[in-house]
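Encoded as structure tokens, the structure appears first; notes follow it.
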Amino acid sequence: MGSQIRAQIEAQLKQRILLIDGGMGTMIQGYKLQEQDYRGERFADWHSDLKGNNDLLVLTQPQLIKEIHHAYLEAGADILETNTFNATTIAMADYDMESLSEEINFAAARLAREAADEWTAQNPAKPRYVAGVLGPTNRTCSISPDVNDPGYRNVSFDELVEAYSESTRALIRGGSDLILIETIFDTLNAKACAFAVDSVFEELGFALPVMISGTITDASGRTLSGQTTEAFYNSLRHVRPISFGLNCALGPDELRPYVEELSRISETFVSTHPNAGLPNAFGEYDLSPEEMAEHVKEWAQSGFLNLIGGCCGTTPEHIRHMAMAVEGVSPRVLPEIPVACRLSGLEPLTIAKDTLFVNVGERTNVTGSARFKRLIKEELYDEALDVAREQVENGAQIIDINMDEGMLDAEACMVRFLNLCASEPEISKVPIMVDSSKWEVIEAGLKCIQGKGIVNSISLKEGKEKFVEQAKLIRRYGAAVIVMAFDEVGQADTRERKLEICTKAYRILVDEVGFPPEDVIFDPNIFAVATGIDEHNNYAVDFIEAVADIKRDLPHAMISGGVSNVSFSFRGNNYVREAIHAVFLYHCFKNGMDMGIVNAGQLEIYDNVPEKLREAVEDVVLNRRDDATERLLEIAEEYRENAVGKQEDASALEWRTWSVEKRLEHALVKGITEFIVEDTEEARLNASKPLEVIEGPLMDGMNVVGDLFGEGKMFLPQVVKSARVMKQAVAHLEPFINASKQAGSSNGKILLATVKGDVHDIGKNIVGVVLQCNNYEIIDLGVMVPCEQILKVAKEQQVDIIGLSGLITPSLDEMVHVAKEMERLGFDLPLLIGGATTSKAHTAVKIEQNYSHPVVYVNNASRAVGVCTSLLSDELRPAFVERLQADYELVRDQHNRKKPRTKPVTLEAARANKVAIDWQSYTPPAPSQPGVHVFDDFDVATLRQYIDWTPFFLTWSLVGKYPTIFEHEEVGEEAKRLFGDANEWLDRIEQEGLLKARGMCGLFPAASVGDDIEVYTDESRTHVAKVLHNLRQQTEKPKGANYCLSDYVAPKESGKKDWIGAFAVTGGVNERELADQFKAQGDDYNAIMIQAVADRLAEAFAEYLHERVRKEIWGYAADENLSNEELIREKYQGIRPAPGYPACPEHTEKGPLWELLNVEETIGMSLTSSYAMWPGASVSGWYFSHPDSRYFAIAQIQQDQVESYAERKGWDLLEAEKWLGPNING
């Protein structure tokens, strides 16, 4: 029965967008019913007021409800919702009508069924369906109604299950085709509802399709209980609904970004039924049917929708206009979502094959933390919450909670603590791992978490029947599961037994229970080593090897383990224990371990373990020698406790005798801050009001600065220093201005932002400073700013211009998105485009055509003032815009008519013309020091010697090559001053440790396979750790090869044992914090200086490390002796191409690099959603050693290569085109 209905509805959904009906309450209000209408004859003498009990009307006014159903069906609705929003026993208790719940649900379904059947009979080609509605109730299972007791709940999970079960049975008996769980503001309520619905389906022997619809309550983009859209989706994905959607609380305008997100992440059909706008001052909804239809049409055309309907304030007319709006528009096509474990707290956590190691915080476990156990025993729950909070702050992405202690009521403690965690967003943002050896404690915990958590753990030790029973319940609760390698015989202690038990459990879970394989997490048992018992010596090796076996044989399953178990023999010596954990995890991660239960605040870095200790630990962990335990014990005790001022002469201070107005001008032009506060105060005392100081001498001085800069007589570093002086003066005046309620005038208000996914902002900061110097008010939103935030702030602050910045190529697509959204939302502000990756051609061809108001490419800071002046001037703007549009038209025309200088070739032909290397006569050099090497807090004095200063001067718009720039007639003196300031900063960085440089590199066995490169786990070359995907030049090359990076690595079939290197370095640890401090002080000069110096240190680190790799670590050029200039000119053997740059332009290839090196866990560098590196002052890439290797640019590729790349990466074509866009021909 249920499967036939689902197949029928799915077939309809693939053909067209289906219509859900609109607001039931809105229509009932239109009848203006009185108390007696609600009572009817049956309830005439009921003891409480019944007006407002809309669900009761299915019994007292059935014809009225049926009339409303008919009106919606006539308007075009395909799906009718039953009038049961508040019909559960819990909600009906407000009227003392709990006993009527079943009858009301049945009657409501029957009324809707009759109406639907009448319309289906009239037109069988358009069948009508009934959705049995299960509303949210008036209670919240994950939020306390008592602000004084955040752990209190006024309804339990079990009470909700009981209420929803009764309603579900009645809705099905009454004739519902679907079950709609809607208006979900507390996800835990919805999980209880879904649990009830699935239980009833099992009881009845068939399942109806389930629709789920949540409610984003406000502009925060979260449900009332705090979840983001994706976290909410992950929490209920286990229901496998026919549709996932959003409804109520917001109108279509406000709801749009969340529907868009849902359409992107949902693997099932997407529905939405928004309100008719937001309620006005009288609680009424103002959005007309025509206006709402316009929104709906745009959503449909954007590919967001499969089902559309209405909620509060909507009527049959709204549905009629929606039906007309979506008629003929193709429904959203279901996307292919990569297989991944998708967990959630208040925020999502996706663990995919390219995710780095996941830390599970272990300190909220009474069996593993004496402090936590004491706090729970003494009922000091607030302090116990601090333990959880510390784990998250220290990097735990999941927290494991265990209350198994003989003197505790584990079930009560688990419930109390989880309820309190739910009230702490800093804790509850991460998923929860419910950990207990008692099934009743696990179930109690699952009934408290609204997100998708993990059960730790179940096993086969009590036999298959118990195992299956528990697994089915875990799946119904919507959790992932850890499965211990434990059966009736006992715990698996050998490699073979671990694989045998895990395979058996996997087949039962996946094949019989229907458990998603990506939600199965095996714990193959980590046992203590170095116990003195010979049989235990190989325990770590068995685990490490079993990890590789399980990852190979059991698709999508993950591996976890309690890491501290391995070092239990050394309890009391934390330093040695941490060293054992570091070594053990290093080898486990290389073999594919996904997560581990660890103390997130005490993870040691593998390469930071002293060499003597590390070697002894490796002997133990890898069981390399018979006396390994004795040797480690001998040295363990050694580690038990380890755990500018220049004196101004009289002539230089002559300006101090001038008038205060002239002193202020001089200070601004020269960038002198020493006397600015006292001079500003003197000027204030002389003025009739504080604002006169800004609009008088200060702006006069800044006008001089602007004129000198425009004439090329002042340079950018000087202008930034001037801005610092101006900001300090204004900061002194602001309290006086505020006190007198004065408001100054500016030339205009400009919003600047680095777009979502991008972390680079030096150029944006410089533009902001230059504009401030010319009396523009700047609102700087910083980096990684989402489109909706940019446009929201622009509206709220009523800005005059929006400026977007970005460095990496994915930022170009985000800029196009912002332009489209500005057009859709009716903005008429000018849009400025800037950043290293932008260009006039891209702006003209890709961005400007999506926005009908001025879009201006600004290629440097000095041009920004003139552009803004022209755009905001009534006199200058028309001519400026006319010239701009003519210029862009010319650029587009040239782009369209441009004949490629080179002829494209097929991918097959390009591959046939690969670099010709005689591999048989070449022996690839084996590295002297294979593996991963970490350089933490590296010596800045060493890096200074490798700095290439020429780009540093370009950052400040001083053009010239170092060191000859110092002799330049115009910019030489300023370059010298800038160079001096930079070196003073480098001195401070060395002496005070203000910036940290961290880096790492690794050398791995590798072989090329076509255009890709296989990187192996070890020198046996039997297991592939990662595949690096490369692009090949695809233009005709009569005299040369069509280069691809894989050409420089020995082919697999050659039998040659080649290697590849990877590196990641940063010079910017603490850079953002320092820069922000200076900005807060109004010191833009030093804020930009620290970023520029950090950038240079990162590039210098990359240069230094490559040299060291060539000479020592790989050692293929041990005799190399090059000057810094020769290094800059790349006179060495080998190359270090970086993902995102010409030879390998596709940014997602940074992901495998991060995983091979374990970058984020080891040195703290991370990747944004657009694969920009954080900190911004970072460099990463690959090392190739072949003497013929050279840099090249991929340039334009053809469709056949796009398709090949997509197939190799496991992407659909749209995903490939998104990331390869800048390189796709045409």
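Cβ coordinates come from backbone N, Cα and C, glycine included.
Over the domain 'Hcy-binding' (6-326) the predicted model carries a mean pLDDT of 94. Annotation source Swiss-Prot lists domain 'Hcy-binding' at 6-326.
Within the same chain, residues at least six positions away from C311 (Zn(2+) binding site) with a Cβ under 8 Å of its Cβ are G22, G23, T183, N247, C248, H273, P274, N275. The Zn(2+) binding site annotation in Swiss-Prot covers C248, C311, C312.
Annotated domain 'Pterin-binding' per Swiss-Prot: 357-618, in sequence order.
Feature annotation from Swiss-Prot assigns domain 'B12-binding N-terminal' to 651-745; the stated evidence is sequence analysis.
Residues annotated as methylcob(III)alamin binding site in Swiss-Prot, with similarity to another entry given as evidence: E695, G757, D758, V759, H760, D761, S805, T809, A861. Mapped onto three states, the DSSP output places S805 (methylcob(III)alamin binding site) in strand.
Residues annotated as domain 'B12-binding' in Swiss-Prot, with sequence analysis given as evidence: 747-882.
For R1136 (S-adenosyl-L-methionine binding site), the count of additional Cβ atoms within 10 Å of its Cβ stands at 24 [all protein chains shown]. In the three-state DSSP scheme, R1136 (S-adenosyl-L-methionine binding site) falls into the coil class. Per Swiss-Prot, S-adenosyl-L-methionine binding site is recorded for D948, R1136, Y1191, F1192, and the stated evidence type is similarity to another entry.
In sequence order, G23, T183, N247, A249, H273, P274, N275, G310, G313, T314 are the residues of the same chain, not among C248, C311, C312, whose CB sits within 8 A of the CB centroid for the Zn(2+) site.
Cα of D948 (S-adenosyl-L-methionine binding site) to Cα of D758 (methylcob(III)alamin binding site): a span of 24 Å. Calculated from their C-alpha atoms, the gap between E695 (methylcob(III)alamin binding site) and R1136 (S-adenosyl-L-methionine binding site) amounts to 53 Å. If you take the C-beta of D758 (methylcob(III)alamin binding site) and look for same-chain residues 6 or more apart in sequence within under 8 angstroms, you find V783, M784, S805, G806, L807, I808, P810, S811, E814, G835, T1168, S1170, A1172. The CA atom of H760 (methylcob(III)alamin binding site) is located 44 Å away from the CA atom of C312 (Zn(2+) binding site).
The DSSP breakdown of the domain 'B12-binding' (747-882) into helical (H, G, I), extended (E, B) and coil residues amounts to 66 helix, 24 strand, 46 coil. Annotation for F1192 (S-adenosyl-L-methionine binding site): spatial neighbours Q1033, Y1043, P1142, A1143, criterion Cβ-Cβ under 8 Å with sequence separation of six or more. Residue pair R1136 (S-adenosyl-L-methionine binding site) / C312 (Zn(2+) binding site) shows a Cα separation of 59 Å. Y1191 (S-adenosyl-L-methionine binding site) sits 61 Å from C312 (Zn(2+) binding site), counting Cα to Cα.
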